[in-house]
Structures are given as C-alpha cells and as structure tokens.
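Below is one structure; the comments refer to it alone.
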Amino acid sequence: MVALHLVPSFSVCLLPVPHGAGQEDAEPVTGRPRSLRANSLFSEDELVEDYYDAPPANSGSSWSDNGPSPRLPAPAFSGSSPGTLGDGMEGTAATAPLSPTIKAGWLDKNPPQGSYIYQKRWVKLDADYLRYFDSEKDAYSKRFIPVSSISRVTSIGDQKFEVITNNRNFVFRAESDADRNEWIRTLQQIAEERKSKALERTLMSPTTSGAADPADKSGFLELRGFKHKLFVAVAGDKVFLYKNAEDYRLGIGITYIEMNVGNVKEVDRRGFDLTTPYRIFSFSADSDQEKEEWVEAMQQSIAEALSNSEVAERIWVVESNRFCADCGSPKPDWASINLCVVICKRCAGEHRGLGPGITKVRSLKMDRKVWTEELIELFHQIGNAVANQFWAANVPPSEAINPASSSQERRRFLIAKYREGKYRRYHPLFGNQEELDRALCAAVTTSDLAETQALLFCGAAVTCATGDPQCPTPLALAEKSGQRLQMEFLLHNKNSETPRLEVGTSEEKPYSVPLPSVTHNGFLYKTPSMAKPVGERKGQEEFSRRWCTLQDGVLSYYENDRNAVPNGEIKVEEIVCLVNNPPNAHGIESTFEIYIESERLYLFGLESPDSAREWLKSIAKSFVHPRAEELLALDFERIGRLHYKGGLNLERAKEGWFALAGSTLHVCFEDSERQEPLQLRKLQELSIQGDNEVLVLVERRRTLYIQGERKLDFLGWVHAIQKAAGSAGDTLSEQQLTESDVPLLVDRCIDYITQCGLTSEGIYRKSGQNSKTTSLLEMLRRDARSVRLKEGEHQVDDVANTLKRFFRDLGDGLFTRQWGQDWLRATALEDEEAKISEYRRLLGTLPTVNRATLKALINHLFRVQRFSGENQMNTHNLAIVFGPTLFQTDGKDYKAGRVVEDLISHYVKIFNVNDQEMKKQQDEIMAIMKMREAASSGTQQAGDFICTVYLEEKKTEAEQHVKIPATMTAEELTFEILDRRKIVMKEKDYWSCFEVNEREEAERPLHYSEKVLPILHCLGTESYLVVKKQMSMENMLIYLASRVGDCKHGMMKFREERNLLGLGLSTGFHDRYFILNHTCLRLYKEVRSLKQRTPLLENSHKPEKEWPVRNLKVYLGMKKKLRPPTCWGFTVFYENEKHEKQQWYLCCDTQADLREWFATFLHVQNGGALWPSETSKVRASRSQQDSRLGNISLIPLRGNESEMRNSVAAFATDPLTLLRNV
Ligand SMILES: [Zn+2]
C-alpha cells in the first residue's frame, strides 16, 4: 500500500479570511500535529475511487487494482455540511463551496470490478456536480461528475439507478424505491435544466462548459502517494484533479479544491504543497520552471477566490442579503445594481435576459470595481429586504420560485416581478405623474431610500424638472442635500424603465438599445480561453480549428461545421474589448483577441488577413454601442468600452467607448455627440495611479482618468496606450510632440540652449562629451516627456550635440529623402526672389511635423546668430555645422550649408513670420541684449538671470522678460512689470507676484519681501511667475484683524504624498484635526478633542504629527489627479534641516475656511506683515492706467473655464462680480 500525504490538518490556520468569533464552534480545531502528513495512512484509492465502466476499455486500470479500501478514519472536521441552507454565515468562505447542495444522502455505489461489496458513499448533488464522498464530513470527493455531462438517469431495479454520461455509467443503490425515485427525479430535472441552459449560456462559470476549455493551467503532476501522475487543471477559483487527460477531456474528475481555503508553498526544486484546512496536497512538477508556473497559477486562483468573498462578505453582513432575493438560494454572489437586490447565479442569468433597462447584473465576485463604498452601503440600506417589501409585496405562493425552480419558471417569475411590476406595492400617488415627480424631488433630499424606490418604480421620472434652476434634476437636489446614497441610486437608475404590464407580446419587446444583428461565419483557429494576458507567442499547434458563427448576438464555436451543439459561446454583450494583433504575432498570420466582462480572453486566428479583417469588423459592429459607431470606421488595433472620469465631475465614473489607432486614442465620451481624438504623443503626462488602477492622461488643459474596472483588458489598454504615447521610431513624426508638432526632444534642447547657452562660445561647434550625448539622446528618445534639462546637471555643449546627433541620425532626414535633393538644387538659383519662392514651395511639400520642426530650428539658429558677438557663431558658421547635419551628408557638398544659411538669412520671408511673431522675437532678443549690455557695462551682478514673467496670465501678449538681480524682491518685480505695462495700482488692488506650478494646478503668492532669484532657481521648467491681483488679500486682512487669538484649529481632509517608489496603494483623503499656532502646525487623529475648544487643547493631547511653520511652503490648489474631495485645497511642502522633503495635501470644506487657514499661515510665517503699509504711494506715482491690459481676464488655475470658477474664484470675495467685470 502506498503512503499518502493527504491528511486533515486543522492545526494550521492558513486562511487569510478573518475568522469570526463563533467560528471555533463550527470548526473545532483539533490538535492533530502537522507531522502526521509524513506517515499518513491513506491509500491511493481513498481519494480516487474506481468506477464502473460500461465498455471494458479501462477495466485494467490501476485505479481499481487495489480492491476495496479500508475505511477512512473520519476527519475531525465536524462543521455542518457545506452549502446547505442552514449553515448560515459563520463558516463563511472557509468551509462552504459556492454552489448550494440540492440533494444529498447515503447511497451504495456499485462495486468496482473484481469485488462484490457495495460501497457506502455520501452522494451530493449541486447545480454543477454530482459528487460522492466517503463520508458526509469529507471535504474532497472521490469522484465528481459534471451535471452537464449527464445524458440520462434510469432506474435498473433493486432500488438501483444508473447515471449515464456520454461514455461512462455510474450505478447507485438507494435504500428504498421512494428514495431511488426521488434521486432519479432530481437528477433528471437538474440535468434537463442544465442542458437547456448550456445552449443559452456557457460562460457564466468556468465549469459549465466542461473544465477542458477555460483552464488557466493544466497538465500532469505527481501527487505524493500516487503511483501515477494525475492530470491537474487550475480553472478560475478551483483546482481540479483528474485521473488522466481523457477524464479531463470528459470532465469527469476525482475532486476539486476550492482555492478560497488554499495556500501554496514551494517545498523544493520541483515540489510544492497546496495546503487546505482539510488536507495537504503535495505536488511535484517535471521541472522547476513547470513548478513555478503551477505555483503562479494556483496563487492566482487563490487571489481570484479570495477577491470573491471580499465584496460578497460585506454585502452579506445584512441577513436578508444572504439569500437570493428571487429564489431564496443561499450565498447569492450576483446582484442587480439598479434594483439593489442580491441574487444567485441562476437568477442572475435570467435577469440578464430582461435587459439592462430593467436590471443591471453584476457579479459580487468578478466586477470588483463596480463596488464602490456608496454602492455597498446602498445594498445595506436597500438590499433584498427593502427591495422585496416593494417588488414582492403581493406574490401568490403559486407563482413564487425556489432554489430548484427551472429556468422557465425563473424567467416567468422575474418578468412578472421586475418588468411588469406585477407584485409591487403601489405608491399612493401611482398614476399621477406630476405628483409623483414632485414627491421624488422631495424624497431625494431625505435619507428615505424606500420612498425613492417606490416613487421611481411607480412612474416618477428620474430626470423630471425640479423647477429649481440651481438644481434642475432630482440628482442635483440629492447632491445639494448631501444625500450620497440617493445620488447613487438615481445614477444607477438613470435609464431604467418603469415596469408595466404588457398585453400579449411582452417577451419580444426590445428593452435595451438593440445592437445591429450581425451575421458572419467561417472557420477560425482558436486557443483555450485565458484569464491572463497572452504572454508569449503561441505556436500554430496550440490553435484548434473551429467552425464559428456570429449570429443573434452570440459568437459560437463548434467542433466542426456539421455539429449542431457548440463547444462554447461568447455573448457579444459581454465583450468589452477587441484587439487586432500585429501580423505574425503568433504562429498564425492574423490573430485577434476578444476580452469579456468576466476577465477572460479568447485568442482567434486566421491565415488570411482579409478574412480576419472581416471577422474583426463584424465582431466590432456587433458589440460596439451604436452611439460609438464612428469608431468602427477606424483602422483600430484595439476597441472597447472603459470607465473614465474627466472634466468637472470627478466623483462619478462614466462609460466611454475607446479605439486606439496608431498614436491616436479616439474616445466617444458618455455625453458627447462625436468621437474625440487624443493625440497620445502630445500628452503632457501619462502615468498610472494606484496599483495599476487608474491611467492618467494629461492633455493641455484637460485630464482624463481611465479606470481599470476589470484587470485583464485594462492592463492591455495601459500597455497599448503607453506604447502608442512613446516614440515609435526614428523619424520625426514618430516622436513625442509638442502642441505645435515639434518633437518634444527638439523643443527641450532648444529651450535649454536658449536659456543657458546663447552666449556660450562656439555653441554647436564645440563637441560635448560623447558618452553624455549618447545617454542623453537615448533618454530623450525613450521618453522626452519625463526628461527635464537642468542647469548644472547638463552641459550646454552636451545638449547642443544631442540635438545635432538627433538630426543627423533622423530616419528620412529633416528635409526628407524624397525632397532633399530639390532643396540642394534650389541653391543654384541665382535670382534671390526665385530662390526664396522655391524654398517656400519646398517648405509647403514637407510633412507637417518636418515643417514645424524646421521652423522651430531655424528660428532658434536665427536667435543664436544674433549673439554671434559672444558665441562666435554667425549665420555662416552655423550653416557649416548644420548643413551636413540636417542633410545627413559628409560635409563635402557645400550646398547643404548654403540651404541652411539661406534659411536663416531669409527666415522672416521663407517662414512667413508675421509682425506679431516678429515683435515677440524682437522683444525677447531685446531683453536678452539688454541683459548682455548690462553685463558688459559691469552693472549686472553675479547670478543675474533673465526670466519671463507674465502679466495676469500666461500668454504671449502678456510676456515680459526681466533681468532678475540677486537682490530683487517680489515687490520690486511686481513694480517692474506694472511699470512696463503702465498699470496704475489703485487702492485695494493687491498686485502680487505668484509662482504657478506646471499644470496651473497650484500657485503661491510670493511674500512682498521674498527674494525672487532663489525661487527661479528651484522653479520647475514648466512653472512660471505671473503678476496679478491677489483677490483674497482684502478678506484675509479683514479676517486677521477681526479674529481673536492668533492660532487656528479645525478639521481638514488630509492626504500624504505616496511612497515615491510607486508601491503601495493610494491613501486617499482622511479627516484630521489641525492646530496652527505661531510656531507649528499639529495634526491630530482623534476627532473627539473637537468638542472642547479650549486653548488648553493644544497641550492636552499628543499630536500625531507636528511641523515647524517656518519650514513649510504653502500653495493654493493641488494636483487634479489626486481627485481632491473639495475644490478648496492647498498643497504643503515641508523640508527639514537635513533637506528631507515631504509634501501633503489639505482640503477645506468651504472657501472661507481655506482663506482663513491660508491667512493664518501667512500671518505666522511673516510675523503678521502680509502687506506693505507704505508702498501704495510709491506705486501709484510710478504708473498710469493702461485700460486694455487692466482688463485681461484671469486664467483658470485648473482646466477649462467652468473649472475656473471653482478654483480661481475660490479665493476671491465675489467671483461672479469679478467675472462680470471682465
Ligand atoms: Zn435565485
């Protein structure tokens, strides 16, 4: 007899799920030591039983060699039978399989061949499997037979009955005829239902279509104690054990292990243990590589199993949510998120059939991202109890359904219940639309969700007019009243239909937007579906040829074109993404991937690209919403739906349709009419937040958050978008670009040279360090978006050489191969005018990006030569350097230089530079010249810096170039700017200089006495200075003058900057209590201290954190991507003596509160002096009014114009008058 290692091992608690207090009672912990596993007494056939084979083919099987087995010692597990109605929640995930038992009992199992002794077996039937066990306490079966494989159940006399599957029969003997008949009846019924269901739906569960198809990993493994290898399959949240591959194919296995109780541990090079509270399975793989794959697959399966229970357990906290709202099945793990009912899988299937206008079905298990805090809370508040009080107020017992009801019964019942509202409790106002609507408007401002439910489903219009212009919809009313749950409920029912009794043809009526019915068929190659991205290239042998049909919203695949029953189906409404792989990505020329809602993907292939394209178009057309049909015309590589947030409302995610074609992401937003293209290469930022949860795309003045609702397709999108947003090759148009179509790389270099290198001698002729140039170029090429060139870090000549190297190596060259010779030939034209017009003609033939780049470069060289007195690089010298570089010649052809020389000399004419542009150029050069002169006359102090400062907003007309001496204060700079633009400073015009950060998301008014130069030195390249009125100053002064005491305390929402390594989850905002006094800012976690507002308070508790005020730098506003809970926020930077930096974010509830905190900060930091008292005279005398400039409107701090009202105005006394005056 072979020793086995499958022992109960209760002493080891392996469950990451929390154990409830009462759980010890349900699962007594025995003291059985783990060492038992080494000398287990079990034999092979304790686990795997013989079977009765109708054909003798397998009769010689070693599995039945051993004869009758000794009785198992009963495991010490004495919990109630898993899955029965009565076992409640105490055991939770630890003990209960997800599928409820339909029938169970002791039966005699036909003896194996060569034996005459019947074996007593505990037989259990659930919706998916017929299983038998040694005892009712066993967790692992000796045999499982999928209900779907049962073709017949017949009576064969002597209280015996036979379960007939496609090629194996199992004979059982009951204790009585009655018992036998009951078994037959139940089995037949379940098998029958399964059969009818299999046709409709095979994808609801990984086990329904036979285990063979959706396995994440399958193959042979040694299981310690067994002579022969077992065939093991990891699928979804279970691990299945089969005797051999043939059994696997047939779906008839030994047992399966629910991975919610599993734990995987590597033991040695090839061995690993799968440990459960009941047994330890010691596996051994063929190689360590294989072992790693198995361990990974099993770990993933555990993760999947555990993620299940997380949401479900929270929903199940409410007693009534533990049973299906419709049929009463225990542990329902599906839900209708608009009806707020928790339902079982079988009812969920029928719910889907009603259409999303009636019920929106989501899984507690798989649709994790849907389950926001609000929605879970809503299920606590409404849930099955409150929902059924309304929906099932009058159900005649004859029409009610139970866990064993058939599909037809369920369907009939659910149509009556939800579509027709037949059993509902009518609201007294039923029939009176106006009254209903009015009542709804009232109800949503209260917490009475039951009333809202009753009104909504008795006809009140969710979008009815409230008559309140401030809050035109019930949703807005609910928002204003702070009723989050009402909002959540209204949102999920935005498009819900009112139930009504239909006469006659109710079943045919379309309840959702009908998708066009697309029909397509043919042979496709297919691999088994996967729960992971297609990691590696699939060889042709991994594909099987299948006959596929796309019809009536279902893509079915068959063994061959003569089969009537499909091997499997994909419902098009469940498709979330379709990916067209590049040619030859796999062993078959054209392949495409289909992603479905339940996190699986299907890989299909075809040898003919044309036919593949037809399939793609047909599938796309069948699942893409009609409002996004514009996308279908694109040559997309990826198309699908995703959740996003953007614009003003960051609270709520919306559903949009996205298509990626080349480097453009086309989006059909929920509320827009047309698709909008996003140029990914022109993004200012592209980053991932959280644990691969949100993709942030920042465009000029717009930020889009794409949310990873599902993991599988989202990761694919992230990858594809990142790739499309990077440079794709070595030609100009393949680079990351600026708004004006100049490669970001070129722009970064030119900018840097302009700031730091215009007067550098021999600029562009001197060579930099080769290694530095190489690495800088590589860095910029990889992702110029993330590179910031800084003085001190980079040498001017290295940057100059990087730019030259880029052009020299450019694929196709700046002038293009096609036209390059024409440019060179143009130099031969003697007539100057003719030559210029030829250059202009040639310029017109260049692709947009080349043209924009050439202009930017020549403009730059034009500036460089203006400084030839300093840098020795006149037009001719520049032309000698750049000619061969740009034309990629060896330098012997003088014509290349001539072209460049001509372009610089005739820059204005050739590039059609208009007066305004020229003026700007002149101004800038003048400013630079002035600075040079000042320098040469010796008045300039060391460290002088030239800087662009804006007046009121960042736009070219408002630019001023100012030399910043080391001594210059913010007040002096403000004077300088106002003076230049001749602006009179009126009383109570608090003109100040602000430091505005990169995305105009945060700003800081400089204190009047603050020195400007140090600020410039640490200013990010995209930050800038602007002089404008400080709208809040007067109110701050009034506040400070009127308050009592000089400290402030109160609640704010607090968030820390995440770990810079990018690991760990985002922390979000949390309420904290703050005290700011004259020396420090303190943070308290405890809210209770709020109640005693005494000055003693600050000494009475120890703060959680404390910072000296002097070391803080406070900015108004914060990064939008943090999704601040209110728009009254500020960002605080802290740097200690050791130069360690921290940064965090604070949000106030009101504008006044923000103003008071900010005023207190300024007060404390500047010893009370917020505004100079003696300056107004001086200032007023210096300027006269310039009405035009005085009227320039303020720019939004954040994004678009309406956002402006929220942010800029946040700090103004009366934002509306401010805007009206503009
Ligand atoms: Zn149900």
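Placement of Cβ uses the backbone N, Cα and C atoms for every residue, glycine included.
Sequence annotations record features per position, and here TrEMBL assigns signal peptide to 1-22. What TrEMBL records for 53-94 is region 'Disordered'. Summarising the annotation, TrEMBL assigns compositional bias 'Polar residues' to 58-67. Feature annotation from TrEMBL assigns domain 'PH' to 100-192, 214-303, 517-624, 635-726, 1045-1166. Annotated domain 'Arf-GAP' per TrEMBL: 300-434, in sequence order. According to TrEMBL, the feature domain 'Rho-GAP' maps to 730-911. What TrEMBL records for 943-1032 is domain 'Ras-associating'.
Taken residue by residue, the domain 'PH' (635-726) breaks down under DSSP into 18 helix, 43 strand, 31 coil. DSSP states for the domain 'Ras-associating' (943-1032), grouped as helix (H, G, I), strand (E, B) and coil, give 19 helix, 30 strand, 41 coil. Within the domain 'PH' (517-624), the DSSP-based counts of helix, strand and coil residues read 21 helix, 45 strand, 42 coil. Here the domain 'PH' (635-726) returns a mean pLDDT of 83 for the predicted model. For the domain 'PH' (100-192), residue counts in helix, strand and coil come to 19 helix, 43 strand, 31 coil, using DSSP.
Secondary structure counts, DSSP: the domain 'PH' (214-303) has 25 helix, 37 strand, 28 coil.
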